[in-house]
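Here's the structure we're looking at; comments come further down.
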Amino acid sequence: MGAATSALNRRQLDKFEHIRLRPTGKKKYQIKHLIWAGKEMERFGLHERLLESEEGCKKIIEVLYPLEPTGSEGLKSLFNLVCVLFCVHKDKEVKDTEEAVAIVRQCCHLVEKERNAERNTTETSSGQKKNDKGVTVPPGGSQNFPAQQQGNAWIHVPLSPRTLNAWVKAVEEKKFGAEIVPMFQALSEGCTPYDINQMLNVLGDHQGALQIVKEIINEEAAQWDIAHPPPAGPLPAGQLRDPRGSDIAGTTSTVQEQLEWIYTANPRVDVGAIYRRWIILGLQKCVKMYNPVSVLDIRQGPKEAFKDYVDRFYKAIRAEQASGEVKQWMTESLLIQNANPDCKVILKGLGMHPTLEEMLTACQGVGGPSYKAKVMAEMMQNMQSQNMMQQGGQRGRPRPPVKCYNCGKFGHMQRQCPEPRKMRCLKCGKPGHLAKDCRGQVNFFRVWTVDGGKTEKFSRRYSWSGTECASSTERHHPIRPSKEAPAAICRERETTEGAKEESTGNESGLDRGIFFELPLWRRPIKTVYIEGVPIKALLDTGADDTIIKENDLQLSGPWRPKIIGGIGGGLNVKEYNDREVKIEDKILRGTILLGATPINIIGRNLLAPAVPRLVMGQLSEKIPVTPVKLKEGARGPCVRQWPLSKEKIEALQEICSQLEQEGKISRVGGENAYNTPIFCIKKKDKSQWRMLVDFRELNKATQDFFEVQLGIPHPAGLRKMRQITVLDVGDAYYSIPLDPNFRKYTAFTIPTVNNQGPGIRYQFNCLPQGWKGSPTIFQNTAASILEEIKRNLPALTIVQYMDDLWVGSQENEHTHDKLVEQLRTKLQAWGLETPEKKMQKEPPYEWMGYKLWPHKWELSRIQLEEKDEWTVNDIQKLVGKLNWAAQLYPGLKTRICKLITGGKKNLLELVAWTPEAEAEYAENAEILKTEQEGTYYKPGIPIRAAVQKLEGGQWSYQFKQEGQVLKVGKYTKQKNTHTNELRTLAGLVQKICKEALVIWGILPVLELPIEREVWEQWWADYWQVSWIPEWDFVSTPPLLKLWYTLTKEPIPKEDVYYVGACNRNSKEGKAGYISQYGKQRVETLENTTNQQAKLTAIKMALEDSGPNVNIVTDSQYAMGILTAQPTQSDSPLVEQIIALMIQKQQIYLQWVPAHKGIGGNEEIDKLVSKGIRRVLFLEKIEEAQEKHERYHNNWKNLADTYGLPQIVAKEIVAMCPKCQIKGEPVHGQVDASPGTWQMDCTHLEKKVVIVAVHVASGFIEAEVIPRETGKETAKFLLKILSRWPITQLHTDNGPNFTSQEVAAICWWGKIEHTTGIPYNPQSQGSIESMNKQLKEIIGKIRDDCQYTEAAVLMACILHNFKRKGGIGGQTSAERLINIITTQLEIQHLQTKIQKILNFRVYYREGRDPVWKGPAQLIWKGEGAVVLKDGSDLKVVPRRKAKIIKDYEPKQRVGNEGDVEGTRGSDN
């Protein structure tokens, strides 16, 4: 064990572990605290073995004791721990940390007294401090001295590596925090400039901070040179020169010169101390840069402990660049002033200037449960004492009767009042208004002249542009924006054209307006001129007088002393009367006070004569601004304004004038080069106009946004609430400010009639209607505001979509209304108003197209139109209504578009209805006449989804809970020519589950109209590589069995029909069959295709065969259709084949390659065709790959069509991630490359079973593991890696799969590991399905084995080796081995082909004796070779070709040694 852990013996360790960390706490010291302390020793250049003895602990305390009052939390914790160890070594009995610290403080004071006594004794005896070795300590008295005197010479002692290491570690850990300055002071005590530069040089990674320090050094050095000019003339011999600024910085002086200036010069110049002061100034600037929080911003939180607040306060005050007096003033005033109300009451009771220890002791536990209990006990005690005083002879003042503030009756208080809460003013008690609008309140929310002139009522509206808002009592003009803007600042300003606006208030006879504008999101500081001297001062309306720092201003003339009251007490100032002050363009005369103020202040004595206005309102800066920019390389819109009628121009002028007053838009001039056209339309009531802006060009140039809300909330997903309220955020977009840097792009122009003058140009200050970024920015901003409100109002459930709010709660009506009012107040504080006229308090609530009640919900009334003539547009609207109604009305059909005749038409063209469409329309109208209602979601109760099949390939489903309908939906089959209803059913299941996850976040229990045996029979052979949940099987007639049965093996003793067909380019063809027993039939077809002829041949074989039949075909097209077992098809020929196959008992359908000399197939080919087609495969590989990427045909089709070897065709399919999968899935395909595996853990009989599946083949590896940990998972993965090649592993994101052990195995085995979301159909589809199949197999064989482990392994054997099906009709093991061997054959074939391509051929053609070439060898056969000369492929007899290797450099033709024909008879 290390030194820190062995600092105490067993007895001392027992005593140490019984000491509590805090007096009232339960936690005690542990050995981990010793280990931590040992690691912290190195920061202070101390060895950790000092913790092992009493003397060592005392040395540590001597180092830490001076730093403890201003140290960090870690330093204080270390000091406390060392104090406890000191007491343990000293055998002092202590119970907690405070007792140990008290004992150590006493000891430290004793040590300090002894040291002072020894120092005094030594000085009186010898006059100089000496150590035992005769080395004199420098005059500074510090123990960290870098110089020692030996005899009459001073010798420099460099800084120790431990000191430099401590300095570097402090900077690295604190990052120029406030602790760096005292740390530097402590480590550089008594250092020379050389040593200080050495400390700076070791900070190599902080060049930015060092540059700041360097600039401060240069400035101070220049000031030193100015204040200390060099003496004129040469220096006398032997005299030491005076140090210059660069000498103090150590750049032009030696170490010996620095020592002489410090210790022997006359007068002595302590260059080290001067240089330290310069460095400290630079470090303070760095601290301010790295800690931008001002001490003025440090305020105690409502639940923050006073001790934490004090720590933050002192950390910030150490970072302030101010003198000690100012910091002392800040500490005395701000520490109490910025405390929370609870602590402030206690601190004010301590009297003037309490010590920090008294404040910490008094505020200990404030805000906690014990403190609250104590306050409640004191209050109850006071109440009881008052009651006893009244009972004892009616002594004391009698209590007045209790009166309710809400209803005015006596006998109860407001919180006990049963009547509804009334809006009443807290100031005057009158109903009808709140305190913020009270006229009896002095100058509240009014435009206030400082000199006390008459004021006007203030209109609480937003104004970002600086214009004055209209009065709240003004007459509403009929032409104006439809909604009010929320509250904000309103103030006057000068327009961009330079014209001064009229003021609406009385200004004491001075027609000046407001002389300047300053936003209040920062301190209003302005440069003023006092007697011609520029002074930066704070404009403070709360200060009576103007007071300036003495260092900033020197005034001459008579003055008189004065004492003024401040936050920290009285201040002695000098009063100068009748002094000239210039603020902006106003020249005033008044009284100036000069004194020790922390900041210059302009008070009301000078502000009042200037007649300014103070406008108080809600600041729009509270709402965060979302930055927006244009796309890369795009520019803003520059579209000319089109002509408008006079009526529209006047309407736009009225609207924009109102918008400008409310601050939503502001005027711009011609310097803005962008423009967007505007126009206006009449509203629905035809009495008002609405302004519209054509932002199409700006939307094209604006950056892309992502809709943060991907859909509208559905009422079926809402929980049932006792109370509901629906709110609407009024003028939603106009409540959110637009990025100031983007506003210029929204500029628009209102033209004038007949171009009688220039148009008036504006730009938006808030989110405009019609701009692409407005919805996203509003959604994101409103969501962040509501997130904080939801935390403060947990009793409310708030659902937001854009500006519509659904608010529900389980409270009673009175409490609910109170909570909603709190919500509206909080939204109002952010500038989001909820107008009363759009607030819905009584059901039914209109919300998002629904009608809501507390116990149910309905769709708004849907009425189908009755028209004589219908256009395409009318039909589209009708289908949209039916789709919307289908979420609650079951049985609706939307096949009207397909049933209407006429083909594709324009939107306004008339369409003709078919009888089927009219019948469907009438049926839908009847369904909509009945009232349907949905219920709300009840958590904890399972949801069931019932599926019903409709006519025309449509499906309907209902979500129910306890028999009540939550929601209804419908599903239509995908657009496929040949479909299987079971496959459609699987797609429907996935749609239902996805919809349930979106709305409720859980999966429903499915009720499907199919028998279990029927489904499992189909699913066993045609399972999807996707996830299918559990469901209940409901037997209904439609899907009992609607498809035919295909057997896996030939039917014995039954005739075999070989079908074939041929088609010519003239659209004429033949189709027929020949049977094993000699039957044959051939028919001539007209106007057909080869595919149709193949299907016709199969139909003929089915017509002429018995109940059991074997059919062999060479058509991949026909084979692909029929093996999918479709139940319906758009092709009449396929429908006839399906009907014939359903009548059969057993059908064996097999494919063989065409034109390969296979018996039966060759005979039928001769009957229907002449000649065969041969294609060389090597030139067709790229074409085959392109065709496969487009149509995804299988490898057999590729090999047959393009004449490719099987291994080449299989490789093309294997390279496609969409095709190398099991079955024929429609959705949810996963990557099934040859090396891809999926792994998951499942549970069986309370044991963990880990399963891995090879995706491409379905091969399973599984075993029982003791625990679901990363170690066991890694061991299982290593077993599989030792047996099979793995290149990619896909799992879910469980902790065992994301562990370090699994990551290490994947790294070692070069396995790409990906994770996905559990139950996602596109993630773990294969493994989820295999888990289900494995459990089904185990259930069938569980009785045959004793142990679960044996059952799992036996199930793997049965699945891998005993079941055939899927791709190629093989077992999983055969398929996996086939995939691996195919990979090896491909590699071998590629090597062989590459070798062949390395040969060159010289050849002769016909009777031409000239040898041609060289050509590229493509293929070498027994009697001929295939070569490529240029772009031509040629077949040349073997005897007319000479093959040579392509050596470099090329060989000559006459070199017979390289000619293949000269090497022997084998060639």
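Note: Cβ is positioned from N, Cα and C throughout, glycine not excepted.
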Remark   = Listed by Swiss-Prot with Asp803, Asp804 as binding Mg(2+) 1, from among Asp704, Asp728, Asp874, is Asp728
Key: Range among 315-332, 423-440, 1143-1160, 1233-1250 that Swiss-Prot annotates as zinc finger   = 423-440
Inquiry  = Quick check on the annotations: Swiss-Prot lists zinc finger for one of 402-419, 672-689, 978-995. Which range is it?
reply    = 402-419
Task = Looking at the candidate ranges 199-246, 919-966, 1303-1350, 1399-1446, report the one that Swiss-Prot labels DNA-binding region.
result = 1399-1446
Request  = Mind giving me a neighbour count for Asp1292 (Mg(2+) 3 binding site)? Other Cβ atoms within 10 Å of its Cβ, every protein chain shown.
outcome  = 21
